[in-house]
């Protein structure tokens, strides 16, 4: 059961949380836990109940990696990410009632941006918008955050680069910080959206990143360093846990149905929802440098894809590997420049299930390295 | 051009505004005007560009009132309300940058609720959810408002009823006020949704109510009465104009395509969006009693529909009149208990276009009466 791999690290998070959280945090954390558990069970129940409505509405796809097999003939409901996303929005809404911290505006901004992103993602899934609209959608959805953001616009300058700022540790970015926030939203959403194409990959990577973010936040709840802003740091990480724990829970329920062989597809709805949730958490809790460490597979995939994305190499609609029907294994198509094909080219042919496990393991490895590096990075950066 | 009827009253609003608004309001009002005008033109351009995407996605319907005619065979894009709704959300978002008043939380709450309602409305249009879900959706979408609402929970007791409160003019409702807000959201959304079925009616009634709300707000910008809360009242009405003016603009563009003969259908997306926008404006700017005066046709339609809604009289999927192909006129079906059929039964057979003009005129009449009554009502209520 590879799905167990998505659950076990959660206990590490729980243990660190028990060690690091203060007594006064527990009301919020307990409410979050209960709501997330509810979110998980409701998502788990609703997906099989509603999924046929998606097929009836014409929202379905065929599993291209099983072309020529009986499984490849079945209509698989598409854009089912709408269900966990809606339940997530509800959880976040109700959680607000139990929150202690008073950064209501930012919480609502994140909430509004994620809701708007889900709306646009679902509209994209239904209407099959053109590529140029796709790129603009996350920018549009990040607008609520951009107009409501009232936090700082400084960034920490990494120590080795401080000669550029005459020794100053903080650099005031002003309007550039807003551009940076918008770009991070666009990157996170599209990075997950283009690292896709085999059963379970979109939601698998998201769940693993969510676990890494949760662990990072729990570790930081007992922060060291500059005493001045300890309380602020704590609040930030609680805030991020508020946003990510229900996301983890509802996505886990989706993973149960999306894992190989997929009974549902997640759609752009889920990829946008996932990317935007991470971007909001990272921006508002100020750990975007750390988030990028967790996004290394997506970064590699993005950079490696650039020749196709900008059109130097022809780009087909789906950049998938080829199924060898004799062996039942997927084989790399070398002209499709993405991490899925690169992995197959390096390791050799794999079944779809094996490939997803390999890619998820790589994701987990990068996240673990990120978590280890974070101690070093935090020292280096501050 | 009956559409002119939707535009001319706007000038009355503009004149009243010029008379009543203070100098310091004009930055916000001008920004709102410019953004609304932009919203109008973008909606007007985008609908014909994107509408075929809806048909391709299986989101289309046949015009039942033209059954048997050539026009009744055409696929008409459905749920096109998504376009003005999305553009509206963008306008509201950008408008925030120019707002002077500092009730950011409530503005965001309204924003989040409307966005969530559009998402659920569009999901309903795509997935054809069951009736029991439909009733719950507005309740779910009003959650962001309910959890973020921090305003007062008192209501004014009408003078003749003050013997019930031992002469007190304010009655503290507490939790009941939250229930009242939720109920108003459910009523407004469903009231518009069930007063539908002929070309142009859903958007026609919405545009007229929007004009009435705008006029009411403009008249109240120069309020009389208790001096203590004059400033608060002014802010409330500016707030409402912020929410309703872009709604009027984007809906007007939709009306252009939805008017008889409809080139697009508006869908539940629009009805929910429209109802929720009115509910938010009325709740947050505290004029829900006045709004209900503007909703008299919807109230009549709702009360008259009750026997069918609760199942005493059988309720078909569409409760439309019958087209007489000889005369080209619609005739009442007396077992369909709604205002559309009641009007035909009272006046006699009408063409669809005539019927819509009659119903919109009735809406305008009720709104005009509401505006006249409001002076009396404000005295009576306070």
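Residue 1 is the first one shown; counting continues down the chain.
Cβ atoms are placed via backbone N, Cα and C, with glycine included.
Automatic prediction, not curation, is the source of TrEMBL annotations.
A quick note: this is a predicted structure, and the numbers were derived from the prediction, not measured.
Annotated features in TrEMBL:
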TRANSMEM  A:28-47  transmembrane segment
TRANSMEM  A:79-98  transmembrane segment
TRANSMEM  A:104-123  transmembrane segment
TRANSMEM  A:135-158  transmembrane segment
TRANSMEM  A:178-196  transmembrane segment
TRANSMEM  A:203-219  transmembrane segment
TRANSMEM  A:239-257  transmembrane segment
TRANSMEM  A:355-377  transmembrane segment
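Sequence-remote contacts of a segment are chain residues at least 6 beyond its ends whose Cβ falls under 8 Å from one of its Cβ atoms, and for the transmembrane segment (A:355-377) they are 2, 5, 9, 198-201, 204-205, 208-209, 211-212, 215-216, 219, 259-260, 289-290, 293-294, 296-297, 321, 330, 339-340, 343-344, 347.
Of the ranges A:28-47, A:79-98, A:203-219, A:239-257, the one with the most Cβ pairs under 8 Å to the transmembrane segment (A:178-196) is A:203-219.
For the transmembrane segment (A:79-98), the list of distant contacts is 27-28, 31-32, 35-36, 38-39, 42-43, 46-47, 50-51, 54, 59, 104, 107, 111, 114-115, 118, 121-122, 125-126, 242-243, 246-247, 249-251, 253-254, 257-258, 264-271, 273, 277: same-chain residues at least six beyond its ends, Cβ to Cβ under 8 Å.
For the transmembrane segment (A:203-219), same-chain residues at least 6 beyond its ends with a Cβ under 8 Å from one of its own Cβ atoms are 6, 9-10, 12-13, 16-17, 20-21, 192, 195, 237-238, 240-241, 244-245, 247-248, 251-252, 254-255, 258-259, 266, 270, 274, 278, 281-282, 285, 287, 290-291, 294-295, 297-298, 356, 359-360, 363-364, 367-368, 370-371, 374.
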